[in-house]
């Protein structure tokens, strides 16, 4: 056993890529996905910012989702790629804390933001006449601010706890980033109380919002069935189904990792699921929203025409 002072020297990230050609192929694939996610989310954010037709609560919330995904993937992948390229698996204690804080902040804030987006669509489709009053710019800003604040407070509590417990086992974290639940397996104290708080916070920030989103989508689908306009029905169904796809891709793997007991999943299974919601989802979000949204495609054409004319 190693002594507790090793927490001052940092940890070792075992990484994602095996030392072989397959590992190199996976690394190149991850880098391509990372670049696609960066370009897609940055483009979505700038597009909503530049086109006045998209200056509505729905697209303002969507721009914040793109901003979160942009920071989300940038918090993890560059360090992972650097460790692989230079053959250095170490990460300092401070770096680990900073990475963990930003990851947990963005993860919690995104779960709440997705719930806010579902509430926005629920009001727009089920209560169209009251929508401008109930979903004003002030309400929209409050929901976004609340998502960031609650995500930050939750993250701060978990990160501070993880950095102050004694570590006396191997420093090797079986992840490609500093994931608090994986770090706790190295602790030389009983952490069952903290694991319970992880369960509670994940339930509050991920599971409950997902249940709320599912209920709102159910109400929306019920309202769609009573619409007389075929065009409105198609638009409402497309919006609801798009959001449900994004939410499912994000929340299901996340909830399984943080709500399921460690003994029920293998480390390799956990790694695959982590890749899904950290790397794949930020890439898929802008693609799904662009391809299934005529207004975004129209705004994209207008911005491209404006740039070409200049």
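Here the Cβ of each residue, glycine as well, is placed from N, Cα and C on the backbone.
Residues annotated as transmembrane segment in TrEMBL: 22-50, 57-77, 97-119, 139-161, 193-215, 236-258, 270-291. Per TrEMBL, domain 'G-protein coupled receptors family 1 profile' is recorded for 40-289.
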Outside the transmembrane segment (270-291), six or more residues from its ends: residues with CB under 8 Å to it
16, 30, 33-34, 36-37, 40-41, 43-44, 62, 65-66, 69-70, 72-73, 76-77, 174-177, 179, 182, 242, 245-246, 249-250, 253-254, 256-257, 297, 300
Can you work out whether the transmembrane segment (57-77) touches the transmembrane segment (236-258), with the criterion being 3+ CB pairs under 8 Å where the paired residues are 6 or more apart along the chain?
no
Counting only residues at least 6 beyond its ends, the same-chain positions whose CB falls under 8 A of a CB in the transmembrane segment (236-258) are 107, 110-111, 114, 117-118, 121, 125, 181, 198-199, 202, 206-207, 209-210, 213-214, 217, 220-221, 223-224, 227, 265, 270, 273-274, 276-277, 280-281, 284-285, 288-289, 292-293
Across the domain 'G-protein coupled receptors family 1 profile' (40-289), average pLDDT on the 0 to 100 scale
84
